Amino acid sequence: MKMKIVMPKLSKWMILVLLISVMVSLWNRSSIIESDDDYSSLSPPPPADASTSFEFLTTRLLLRDSFGQGRNSDHLQYDFYRNTCPDAEEIVRKSMTRIHSQHPEVSAAFLRLLFHDCFIEGCDASIFLDDSGGNQSHPIEKNAVPNRTLKGFENIDIIKEEIESHCPGVVSCADILVLATREGIVLAGGPFYPLFTGRRDSTESYFAQAMAEIPRPDDNIRQILRLFHLRGFTEREIVSLLGAHSIGSIGCEFIEGRLHSFLNTGMPDPTMATDFLTEMRRSCNDSNNSTNGGGVSPTSMKSHSVVKSNSGLTRVEDQLTSISSIGGFNSHYYRSLLRGRGLLHSDQQLMADERTARFVRAYANDDGMIFRTDFARAMMKMSSIGVLTGSEGHIRENCSSFASSFQRS
């Protein structure tokens, strides 16, 4: 007698659960932990619809370990302002969309602001202060040499004012910066990544630390690794974070030394490709000879074009107006390094050590998906360094002023 086997019907929910389980299994099997030495095994997220798979991946990474960095990072929460200012993130998003439509350079400007803030004593908005602890005579981070060309402060103020008009004394400047930076990256064509919130603002500014601990354009690979390692970043994360240099533009003053007398040797930087050296000398000479100055865009490494302007701005201001974020977040930055065409010496130094060079090669040989995934994860980690939470710090009414603060937790 033959027995008839009846297969149970699977509901769409059961199928979805099974599909997610398979995706998780595939990701666990193919992903690399930070200490993995085999760059060739870098692999993209599980195959699926692009937007769905990326959101799934980044959310899972967030829940797994990306917010386990730095003091108090475990006190951050998803949608921290859900009861006190439920529209906070939407206000930031809409404000950034409006600002970016008029000033697309804001994406790169906010990336630099976030990096310079979080790298010194954590993501606490200390970079915005015009005084330290109310002491007007105390030197401030904003005036440290590495920070003198930072831009975007006025746009943070615009977003803060909008937030304050809806929820006074609730949302920190530190949270506004990390949220606005994320939105700027997305608007520039970069990846979305989830963020926890609940940061509070510092009461101090750290001039000495900013002078000593922010990586410089002419740093060698040993110094770059040392500074990032001190903050818990791996070589893979370092290489992906420096991929942020694929958008924005750089004033010629940052590379003049490479072109003529690197480290006061009287010779150009020997790591520069000869054709690139000639091109950059001509580009910066043209910019210096123009009426208003100019800057060199990282996209010129691919297009070989020179960014010029007749906008009437100074060189440092003009470099921001020349930014183009079209197609910025892809692998062209890493392919340029393989050819000896990194704009900054510190960029090209990623090829000077096999610990970082192997990831440069991996990203350069990929279509951009692995880089974007790694960059998103590293930005989640960067945004959680050394945060102040709970009763620590305060909430500023004005991001640049210690005096205008709300002390309640």
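Residue 1 is the first one shown; counting continues down the chain.
Cβ atoms here come from the backbone N, Cα and C positions, even for glycine.
Just so you know, TrEMBL annotations are computer predictions that nobody has curated.
The disulfide bond recorded by TrEMBL for C118 joins it to C123 [selected from C85, C123]. The disulfide bond recorded by TrEMBL for C167 reaches one of C85, C252; that cysteine is C85. Remark: of the disulfide-bonded residues C85, C123, C284, C399, the most isolated position is C85 (fewest other Cβ atoms within 10 Å of its Cβ). Of all Cβ atoms in the shown protein chains, 23 besides its own fall within 10 Å of the Cβ of G122 (Ca(2+) 1 binding site). Apart from the site residues D117, G122, D124, S126, E141, the chain places the Cβ of C118, I120, E121, C123, A125, I127, A174, S202, S205, Y206 no farther than 8 Å from the centroid of the site's Cβ atoms, the recorded Ca(2+) 1 location. Fewest Cβ neighbours within 10 Å among the disulfide-bonded residues C118, C167, C173, C252: this applies to C167. Within 10 Å of the C-beta of E141 (Ca(2+) 1 binding site) there are 27 other C-beta atoms, taking all protein chains into account.
Candidate recorded positions: D117, C123, D124, C399. Nearest to C284 (disulfide bond) by Cα distance: D117.
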